[in-house]
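What follows is one structure encoded as structure tokens, with my remarks underneath.
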Amino acid sequence: MSRTSSEPLSCWPPGLTSHHPSRRSSPAFSEASGSLTLQHHMLEPVQRIPRYELLLKEYVQKLPAQAPDLADAQKALNMIFSAAQHSNAAITEMERLQELWEVYQRLGLEDDIVDPSNTLLREGPVLKISFRRNGPMERYLFLFNNMLLYCVPRVIQVGAHFQVRTRIDVAGMKVRELTDAEFPHSFLVSGKQRTLELQARSQEEMISWMQACQAAIDQIEKRNETFKAAAQGPEGDAQEQELQSEELGLRAPQWIRDKMVTMCMRCQEPFNALTRRRHHCRACGYVVCGRCSDYRAELKYDDNRPNRVCFDCYTFLTGNVIPEDKEDKRRGILEKGSVMGSEQSLMCSFLQLLGDKWGKSGPRGWCVIPRDDPLVLYVYAAPQDMRAHASIPLLGYQVTAGPQGDPRVFQLQQSGQFYIFKAETEELKGRWVKAMERAASGWSPGEPSDGDLSD
């Protein structure tokens with residue numbers, strides 16, 4: 001039988017409410033029960049201890065200071081207070097275990113996860129930034145006091161609602177905010193088992209997740225420091241700090257996204273779909289070609305299983321020396337890494353490259369004026385590329401408005417040579433014009449200037 005909208009919902013089993021008609025029809029039963037329902041009578045044992053505590057508090061307050069019963073009454077009050085605390089703690093623990101059991105049921109009751117000593121700190125949906133796909137993907141996080149579960153919602157939610165993809169131990173975990181214009185409100189969770197780039201739906205949600213993760217990290221570090229201090233003493237602490245100074249192979253790296261590079265980050269050869277495909281070094285996270293990642297090394301964060309690594313990481317992790325002819329590292333004027341140049345730059349951003357020099361499609365380029373080479377503009381195909389597509393000495397060039405009438409377009413001009421650029425905003429164009437005019441006049445860092453180029 002379906003419930004009508006006028007029927008009240010009840011959390012009590014049907015057997016506890018089936019006596020109501022007979023109670024209403026029997027005055028004797030109603031008188032014996034004090035006109036109270038069975039549910040009210042079942043609450044009496046739960047409410048008895050708090051009532052005793054309130055009665056004793058009032059009794060002690062009204063006793064005279066010389067009353068012979070004052071000492072016994074105070075002793076009884078202390079005993080009732082302890083019993084009330086114990087009762088409240090037991091109820092809280094039962095509620096925690098019930099909530100924990102419901103979470104475990106949603107996760108499929110996996111053996112390596114179910115632990116009654118765990119405490120759920122936070123749960124909720126997030127977006128996973130993929131290093132291969134363009135758009136973020138829906139994921140779900142469960143943060144416990146000792147682990148972070150990275151889960152995928154099941155399409156058919158029969159039994160378990162989520163599939164656990166990765167378990168990251170809170171011990172050794174790190175969390176920090178990412179500065180990525182393409183993915184706002186994003187943050188990084190780096191653990192021994194895996195490193196995740198995640199995106200929240202708002203700045204407040206991102207801050208809340210980061211604070212919850214950091215609080216769990218701080219709590220477990222505080223507990224571990226107490227154990228280490230008791231077991232090792234001061235010398236053990238110094239040894240532990242020395243072991244953590246180099247983490248290559250000890251924890252999962254942050255993978256560089258595929259679209260952030262167009263060439264191998266080791267040999268600087270351009271990628272293509274047939275003969276030079278993208279691979280990731282499992283030790284450092286760089287995007288490298290098959291030739292530069294044709295090595296295997298055991299990584300501690302992956303239970304010492306052999307993983308694909310680049311030759312730099314292979315040399316560091318194994319101590320084996322690679323012959324010079326196989327390494328074949330040749331660097332030229334264009335091989336100034338975009339990553340280092342961007343971090344130590346006077347100006348860097350994407351600009352659209354217009355004109356016949358760049359091709360008819362008008363591609364975007366990552367443009368950098370390095371601080372250590374302030375008179376040269378380097379143009380990269382992607383922000384993480386290790387080799388520039390072109391370099392333009394700016395000394396002697398004139399910076400003028402573009403020929404297309406767009407306020408965001410500007411050009412470099414010298415002796416019939418033209419390089420045309422288009423910024424995303426007029427404000428960004430103004431900063432680029434100022435930076436290029438300084439470089440064209442021979443200005444270098446350390447000399448007096450009339451303004452700041454930074455945001």
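These residue numbers are counts, starting from 1, taken along the chain as shown.
Backbone N, Cα and C define each Cβ position, glycine as well.
Mean per-residue pLDDT, taken over the domain 'DH' (36-90), amounts to 81. Per TrEMBL, domain 'DH' is recorded for 36-90.
For 119-218 (among others), the entry in TrEMBL reads domain 'PH'.
Secondary structure of the domain 'FYVE-type' (258-318), assigned with DSSP and counted as helix (H, G, I), strand (E, B) and coil, comes to 14 helix, 18 strand, 29 coil. Per TrEMBL, domain 'FYVE-type' is recorded for 258-318.
According to TrEMBL, the feature domain 'PH' maps to 344-441 (among others).
Residues or ranges marked as region 'Disordered' in TrEMBL: 1-31.
The helix, strand and coil residue counts that DSSP assigns across the domain 'PH' (119-218) are 16 helix, 46 strand, 38 coil.
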